[in-house]
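Here is the structure we will look at.
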Amino acid sequence: MTKILETHDLHVYYGQHEALKGIDLSFEEGGITALIGPSGSSKSTYLRTLNRMNDLIPNVTVTGTIKFRDQNIYAPQTDLVTLRKEIGMVFQQPNPFPFSIYDNVAFGLKLAGEKNHERLDQVVETSLKQAAVWDEVKDHLHESALSLSGGQQQRVCIARVLAVSPQIILLDEPTSALDPISSSQIETTLLKLRTDYTIITVTHNLQQASRISDRTAFFMNGEVIEMDDTKKIFMNPARKETEDYISGRFG
Amino acid sequence: MSPKTSNQIAISMLYVIASTIVVILAALLGYIIISGLPAISWHFLTSPARAFTSGGGVGIQLFNSFYLLILTMLISFPIALGAGIYLNEYAKQNWVTALVRSAIEILSSLPSVVVGLFGFLIFVVQFGFGFSILSGAFALTFFNLPLLTRSIEEALAAVPDAQREGGLALGLSKWETVLHIIVPAALPAILTGVILSAGRIFGEAAALIFTAGQSAPALNFTDWNPFNMASPLNPMRPAETLAVHIWKINSEGIMPDAKAISSGASAVLVISVLGFNLLARFVGHRLFKRLTAG
């Protein structure tokens, strides 16, 4: 299997505080990887270095390398705009823009200069279908996305990312602000997407990680304790800390 | 005293205070409108003022007020928008921006007569604009900028950070995010701020007495070439506004019907400002609904 994304000796500092202490991980193309771990284990920080969203926070220092298809994304010549189109992100709180559903999904393409209406219509439809929300919104595409329920909003946000055809989708606790039914719809959506996209998701929900992910990485105190096939992590982890966390002895 | 009684007393006190304010406001508005309404007619709203005989109107003053308002907004809105975007989206929190913010606050508390005298020295005398709409518009810009900047900054700050992250995560540059997401999202609040400040400008007199002047030369409403002296669009002509007119009639008016004109003009002014406020609520509400619920 080819590696699509690799991090080597990745350190992140918030001011003096070392949040990530040398992370070596690699992600194969396709499938879902879950990042689990107790609060404060810096798994979200790790996720946010992968598309350089941490650049926005003042006082953050990142050292080490992150290679996306053998290109170091922290190299000075990296174009952030292109990078973030290749590596899309979905957030914890659904954050549709205050526009219509159609405009939300078409937004990335429109700004990239796509003017062909047929092509836009087609991309909006495909993306919403992929995100498994098309049937619910197809009759009111031109109503505000803010009028949708939280779960629908989150799937529109996934469609918005899909519309710019990324290779990797990062999700930062995508269901923790949603009710159980909406959460399971998002999970179904992700399972459908796992064949076409490389998905990396942070989750606090261990059942969710075991249900949907192919591989799981366990984070603790800014380090990766272990990463393996999800089955192995949950049935027969190699490290005692992992077992303690999985079985609910802490965290 | 039991908590229940003290609660009752507190509530009744608050009711008394609140209703006092409402009664004062209603009495004031009622008096101005009721005493002014009889003077208002189509003739009053469209004909020029007369200095010595009765039967004059406030047509030119009314036009001047609106024209000055539009010019002031054309100058101050882009500056305030730029300043608001800079302060909220780009500026780092350090002593420079803290200084800028307190400067804005001080500027907003300047008495308008001081702004007027400053405008007189700078624009009327130093730049040689004379008593003109342009001088008035610049003076009102000074008067208007602090509050408008402040309200735009607050409107932008009310947009959740999740929207900024969403834009950046889609591969937008910071400027594109601000331009295409943050400003549209803040638009209803920005518009409310603009219209409310329009009401303030419309009623301003002190800052205009020394800048836009106290005379309203006759205008030819068929001549729309801004370079002709009699054209309503000429920004270099002196232009007494409605608020200045009211002040002037009451201090030195010698026409026989001065009192009726003053009452009528006051009512027109108050109704216009009320109109701006209602418009602000209506437009802001409509825009918000359109952006949020379709």
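Note: Cβ is positioned from N, Cα and C throughout, glycine not excepted.
Those TrEMBL annotations? Automatic predictions, nothing curated.
Listed as Cβ neighbours of the transmembrane segment (B:12-45) (distance under 8 Å, sequence separation of 6 or more from its ends, same chain) are residues 57-59, 62, 260-261, 263-268, 270-271, 274. According to TrEMBL, the feature transmembrane segment maps to B:12-45 (among others).
Here TrEMBL flags B:62-280 as domain 'ABC transmembrane type-1'.
Annotated transmembrane segment per TrEMBL: B:65-87 (among others), in sequence order.
Annotation source TrEMBL lists transmembrane segment at B:99-123 (among others). Outside the transmembrane segment (B:99-123), and at least 6 residues removed from its termini, the chain residues within Cβ reach (under 8 Å) are 87, 91, 129, 134-136, 138-139, 142-143, 145-147, 149-150, 204, 206-211.
For B:178-202 (among others), the entry in TrEMBL reads transmembrane segment.
Taken from TrEMBL, the feature transmembrane segment covers B:260-280 (among others). Remote same-chain partners of the transmembrane segment (B:260-280), defined as residues 6 or more beyond its termini with a Cβ less than 8 Å from a stretch Cβ, comprise 29, 32-33, 35-40, 44-45, 49, 56-58, 61-62, 65, 191-192, 195-196, 198-199, 202-203, 242-243, 245-246, 249-250, 253.
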